[in-house]
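Engineer: Take a look at this one; I'll ask things after.
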Amino acid sequence: MTLRIPRRGLAQAFALIVILMIDRAVSPQFFNLHLQDGRLFGSVIDVLNRGTPVALLSLGMVLVIATGGIDLSVGAVMAIAGATAASLADTHSLPVVIASALGVGLVCGLWNGILVAILRIQPIVATLILMVAGRGIAQLITEGRIVTFTSPDLVWIGNGAVFGLPMPIVIAIGMLLVTAAVVRGSALGLLIEATGGNARASELSGVGTRAMILSVYVWCGLCASLAGVIAAADIMGADANNAGLWLELDAILAVVIGGTSLFGGRFSLVLAVAGALIIQAMNTGILLSGYPPELNLLVKAVVVLAVLLAQSPRLGDLSRFTARWRRTKP
Amino acid sequence: MKASTSVAITAFVLVAGFALCALQFPNIASTRVVANLLTDNAFLGIVAAGMTFVIISGGIDLSVGSVIGFTTVFVALAIERWGIPPFAAFALVLVLCALFGAAMGAVIHVFDLPPFIVTLAGMFLARGVSFLLSTESIPISAPIYSAVSDFAIRLPGGGRLTAIAIAMLVILVLCALLLHLTRFGANVYALGGSRAATALMGIPVGPMTIRIYMLSSVLAGLAGIVFSFYTAAGYSLSAVGVELDTIAAVVIGGTLLTGGQGSVIGTFLGVLIQGMIQTYINFDGTLSSWWTKIATGVLLFVFIALQQGLMALARRSSVKPAGAKPVGART
């Protein structure tokens, strides 16, 4: 397996470094790390740790968007999986808890996938159904309460550490490696990109587009449920109303910042995760700087606009046009 | 599929649902409950009318909830802190909303970007600005607010048709006229049918896109003003997630999210269906509020499946007259 390092990653790497430098400027001890009880602490670790849920969501979302789709339901799936995990945590063993939460995510993904691939409903509409109903289902599981648990096993998923690295980070890195190995280690990634590029043409040339589309939504549901388990483990409880609220938008944003076009056809897993880290580094930076967190949304809006304009096909035309104009000028 | 078919189905579901509710709780069938239904959903009806235009033209507007939030905060601050007369404040906020919508439409058209992500940025922007203005709830005590909330037309049976319910009905009628009887409305349908063909026909696609998003934002601003009358306060967190309820109402009302087909009356029925689910759950008492979300989701699914099925039928029947066998339907 060769991990392609795309040239187009330079802009994202540059943006991440600039934001980290700004963070360093507002908070001089930003890069300080210290080890306590076998776990690393520090602002950088915090960025990675807090960025995990969105990073996991974007791992699923980037594949969905690569097929030309979109999944609005990931936040709701997080809430359902978190509710499932939290309500089982104190009565069942950890493998059962995780398996049921992931199973729920798988079923949610399958539902979305069937609507999009088999019933051929537009992705934004198909996933809107679960986005609206999903939070209701999560509340049904928790009976409207915030379900708390004490199971140390599940808490360890949120707060434990392996070789000093917090568990969520380890899980996210693991998922990135697994996804990259499966998708880029075989022709699968290419087939997904073909489906997104032109579904009809790829079907005629023998690509199982239905299977491709179905499986990316299932993968997206699975990633979302994992993010839900981590979010629940982190706060030792499940809040059906607020778990994963608006994270679907952050995940889409991360994918777009990662240079993946919303029209589908090509994608980069690493850059989507980098997009998630850029968003989190921004959030953490605003918190550290002491500016009101209300500024967060405004900064995000400006970043989205900047990224959009940079990616706009029209802007490309414009720069080519001016370059030609400059050449023809004597 | 004819547009009238889907509106008829929506109307049938509304009437049948209402009959079922009334069968279980006879009190539901009173002018009091129906008038309350209109009052409680007035702001949703107004913002959904604007969303109908956007969706028929093949776009989507995720920013409407944030625009409502911004409007309530701005109006409250303008009246209570800055001492601007209420009507001047309303005019000012509507102008701001119009500029905001026009800017989104311009970015979508000029840079050829997906409306989903542009209005997502708009959503962050509007909510961010309202957070910056104020994060606390600001009560509005201007005399016009109490005058308006006292005003109501008494209906036989004890119902009160409030000022904001009347405002919604008037706006819906105006929007229906604009969509179904004017050149502007015809162009909106054309845009949703095919952008390229519309441009070739000589319809100015850019100005149309700008005007459609402007209309949506202005109606969201009006909905915000109505919302501020409804709660007599401005709060930056108000109307979070309303864009979803709005899109759901529009889709249940028979408007295709792919564009090109839909109606304002269908949207109005869609809003009423959502309100009816809420009313039923309130009446029942044993069902909890989360059943509203699940029921809305189920209804969304039923309507989308219906639309999909009807469209497949329409495709099949349009093939038949040609005398050919249905072309191997692998699309």
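Residue 1 is the first one shown; counting continues down the chain.
Note: Cβ is positioned from N, Cα and C throughout, glycine not excepted.
TrEMBL: automatically predicted annotations, no manual curation.
Here TrEMBL flags A:52-82, A:94-118, A:124-142, A:154-183, A:211-233, A:245-263 as transmembrane segment.
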Engineer: Any chance you could find the range in A:52-82, A:94-118, A:124-142, A:211-233, A:245-263 with the most Cβ pairs under 8 Å to the transmembrane segment (A:154-183)?
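Structural biologist: Stretch with the highest Cβ contact count: A:211-233.
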Engineer: Give me the stretch from A:52-82, A:94-118, A:124-142, A:245-263 with the greatest number of Cβ pairs under 8 Å to the transmembrane segment (A:211-233).
Structural biologist: A:52-82
Engineer: How about the transmembrane segment (A:245-263) with the transmembrane segment (A:94-118) - do they touch, taking at least 3 C-beta pairs under 8 Å (6 or more apart in sequence) as contact?
Structural biologist: no
Engineer: Let me spell it out: take the transmembrane segment (A:94-118), skip the flanking residues so only those 6+ beyond its ends count, and list any with a Cβ under 8 Å from a Cβ in it.
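Structural biologist: Same-chain contacts beyond the flanks: 69, 71, 73, 77, 80-82, 84-85, 88, 126-127, 129-130, 134, 151, 153-154, 157, 209-211, 213-226, 228-229.
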